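Noted in Swiss-Prot for the protein shown:
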type	residues	note
BINDING	Cys98, Cys100, Cys125, Asp127	Zn(2+) binding site
BINDING	Lys239	ATP binding site
MOTIF	9-19	motif ''HIGH' region'
MOTIF	236-240	motif ''KMSKS' region'
Amino acid sequence: MTTKTRFAPSPTGFLHVGGARTALYSWLQARANNGEFVLRIEDTDIERSTQAACDAILEGMNWLGLTWDEGPYYQTKRFDRYNEIIAQMLEKGTAYKCYCSRERIDALRESQAANGEAQKYDGCCRDLPARDTDEPFVVRFKNPIGGSVVFDDHVRGRIEFSNDALDDLIIARTDGVPTYNFCVVVDDWDMGITCVVRGEDHINNTPRQINILKALGAPIPEYAHVSMILGDDGAKLSKRHGAVSVMQYRDDGYLPEALLNYLVRLGWSHGDQEVFSLEEMKQYFKLDDINKAPSAFNTDKLVWLNQHYIKTLDPEYVATHLQWHMDDQKIDTSNGPALAEVVTALAERAKTLKELAASSRYFYEDFADFDAEQAKKHLRGVALEPLQLVQQKLAALTEWTVEAIHQAIEQTATELDVGMGKVGMPLRVSVTGAGQSPGLDITLFLIGRSRSEQRISKAIEFVADRINS
């Protein structure tokens with residue numbers, strides 16, 4: 001039997017890290033078993049569902065590279081199918097119309113609460129004969145009486161619910177709209193889902209859904225209910241911990257590989273290995289290896305992984321993601337070095353692509369002023385001679401290469417009998433406007449000959465004015 005999994009978010013908000021991890025685990029279960037992955041949008045909550053949220057979910061999935069084989073399916077486009085099944089259940093007697101008023105239901109719950117009883121529907125309309133009336137009604141599933149529902153969860157082991165603890169679930173509201181728990185069952189059946197991976201908050205839905213599947217004569221899928229993600233302080237994950245949109249991580253400069261690697265390790269492990277490519281995840285992933293204990297979100301670990309991937313992935317690939325940040329920061333990359341070369345030069349220092357973009361601006365744009373602190377420290381009178389001599393050496397070069405630039409800087413220090421820092425730091429501030437950059441040879445090479453010479457001339461003029469003031 002072909003493994004078939006699904007990710008079924010509700011479009012009431014963005015795709016957050018918890019949802020992204022569930023999607024990843026479900027995707028990996030399909031890919032690890034040569035199966036199929038279905039994307040389904042559960043938009044039956046019409047009042048809260050928005051197209052913007054739906055678009056954000058699709059954008060997040062695409063950015064992460066979690067491609068789907070079927071879908072996206074939308075529940076609101078399947079109402080005819082749900083109503084068809086409800087009609088069949090009413091005819092077979094596995095569902096019934098309930099005419100109880102809201103007032104009666106509220107009074108029942110208040111009475112049960114006062115008596116310390118579980119609050120559930122009492123089956124008042126369960127065995128009433130059919131009646132011809134215009135009274136409003138809901139449709140309820142006729143849950144089995146007695147016995148229990150047992151299933152083996154890949155994460156949590158054997159789970160059992162008594163049927164007596166379950167009430168007769170509403171499967172269609174008074175307006176005729178089918179309910180979430182019912183739509184999920186029909187969808188999983190129709191789409192041939194063999195394994196359901198979802199959050200632990202759905203555990204209580206599972207026995208109800210299994211009972212409906214049994215009533216329909218449908219196969220029961222496997223289940224894996226993953227634990228919640230906590231903040232590093234042990235509290236439920238919130239925005240202050242990192243419970244933000246997946247696309248916010250893109251905006252903050254993270255690579256999708258880093259976020260995927262981080263998310264897969266939030267509850268799953270393979271020995272002591274920390275860094276996993278997608279291919280390795282597909283090779284090693286097993287649902288039974290997911291830990292049922294909650295996982296703590298640690299931003300420092302995510303940053304470490306991001307640094308790793310910026311340094312080790314193909315610079316051409318990293319450059320495709322960096323381009324978004326260059327555009328976002330309004331840096332025109334058409335007049336300057338190839339972005340992949342900038343990635344190679346700056347990757348060792350960069351924590352995020354957002355930082356990398358900001359620190360690469362001087363490769364593409366001239367700066368109005370030198371950093372005041374760095375200029376005060378390094379563009380002093382003693383810097384005039386080194387800057388003038390290195391300018392002459394660079395102007396005399398027949399080729400503008402990293403090796404030739406390096407020799408020109410070294411020769412300047414040798415002829416002046418000073419340390420490299422006496423030449424290097426004034427030169428660095430001259431061409432970058434600041435005090436940090438990669439090696440000066442590669443920095444000048446990437447800035448380009450014309451720009452470098454113009455900036456050194458500007459620095460010499462700055463130092464001369466300072467001497468004369």
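Along the chain as shown, the residues are counted starting at 1.
Cβ from N, Cα, C; glycine included.
Long-range contacts of the motif ''HIGH' region' (9-19) within the same chain: residues 41-43, 45, 48-51, 53-54, 56-57, 60-61, 199, 228-229, 237, 242-248, 263, 297, each at least 6 residues beyond the stretch ends and with a Cβ under 8 Å from a Cβ of the stretch. Compared over the binding-site residues Cys98, Asp127, the count of CB atoms lying within 10 A of a residue's CB peaks at Cys98. Taking the Cβ of Cys125 (Zn(2+) binding site) as centre and 10 Å as the limit, one finds 17 other Cβ atoms among all the protein chains shown. Broken down with DSSP, the motif ''HIGH' region' (9-19) shows 3 helix, 1 strand, 7 coil. Annotated Zn(2+) site Cys98, Cys100, Cys125, Asp127; additional same-chain residues within 8 Å of its Cβ mean position, judged by their own Cβ, are Tyr96, Lys97, Tyr99, Gly123, Cys124, Arg126, Leu128, Arg140.
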